[in-house]
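As structure tokens, the structure follows; a few thoughts come after it.
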């Protein structure tokens, strides 16, 4: 989860989020090197009056600043495309959960079970217990098994929403009349918080998401108690 004054990403809890963190570091290194080079050239231009008389006809320089940016873009694009394909790949999911966005709450349906569905509303600040998080706790958590591929089907009943859980690397738009899908696999148990990430009206800030990732045995016990 996030911490006050946190500057970086949340701790990765899924293979996809780990890949995104590596890609972020890879891209940031390239951007830092380019920025340093540009600042160095600007500082040289400001601190010296020397000029190159052949700048208007420098074929070698033009060749370099054409080929070098192309190579840099390829170094950024290839890992990005790899992660995009990984995010879209869903092979034989162990569980499918349908998520519907409403103004202003979420509803969930476990499609592999005959009658397992519920609504998830934010708990008002006045009803919170000691230690619970303001604007992030819900009355019904989404309980899922860890270390298994899970498919999320995401849509909306009314306006645009966005179902996002940062520590799992998930952010999928909930669009009325359209069914989007995402996949998640948690590498460890715990509570993972998210929020609606698309402005959807006056109570947009009050649509938290809470995933409770548990071992498979605990999930089976929970699902049996809910049926």
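Glycine too: its Cβ is placed from the backbone N, Cα and C atoms.
Under the heading topological domain 'Mitochondrial intermembrane', Swiss-Prot lists 1-14, 88-227. Residues or ranges marked as transmembrane segment in Swiss-Prot (evidence: similarity to another entry): 15-45, 60-87. Residues annotated as topological domain 'Mitochondrial matrix' in Swiss-Prot: 46-59. Marked as Cu cation A1 binding site by Swiss-Prot: 161, 196, 200, 207. The Cu cation A2 binding site annotation in Swiss-Prot covers 196, 198, 200, 204, and the record cites similarity to another entry as its basis. The feature Mg(2+) binding site is assigned by Swiss-Prot to 198.
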Cu cation A2 site, defined by 196, 198, 200, 204: further same-chain residues with Cβ within 8 Å of the Cβ centre: 101, 104, 159, 160, 161, 162, 197, 199, 201, 207
Long-range environment of the topological domain 'Mitochondrial intermembrane' (1-14) - Cβ separation under 8 angstroms, sequence gap at least 6: 20-21, 24, 166-169, 184-188, 190-193, 213
Residue numbers, six or more beyond the limits of the transmembrane segment (15-45), whose CB comes under 8 Å of its CB atoms: 9, 72, 75-76, 79-80, 82-83, 86-87, 167-170, 183-185, 187
Under 8 Å by Cβ from residue 161 (Cu cation A1 binding site), counting only residues of that chain that are 6 or more apart: 101, 173, 174, 196, 198, 200, 207
PLDDT averaged over every residue in the topological domain 'Mitochondrial matrix' (46-59): 69
Composition by DSSP (helix, strand, coil) of residues within the topological domain 'Mitochondrial intermembrane' (1-14): 0 helix, 0 strand, 14 coil
CB-centroid shell, 8 A cutoff, Cu cation A1 site 161, 196, 200, 207, site residues removed: 101, 103, 104, 106, 162, 174, 195, 197, 198, 201, 204
Listed in sequence order, residues with CB under 8 A of residue 204 (Cu cation A2 binding site) and six or more positions away: 104, 196, 198
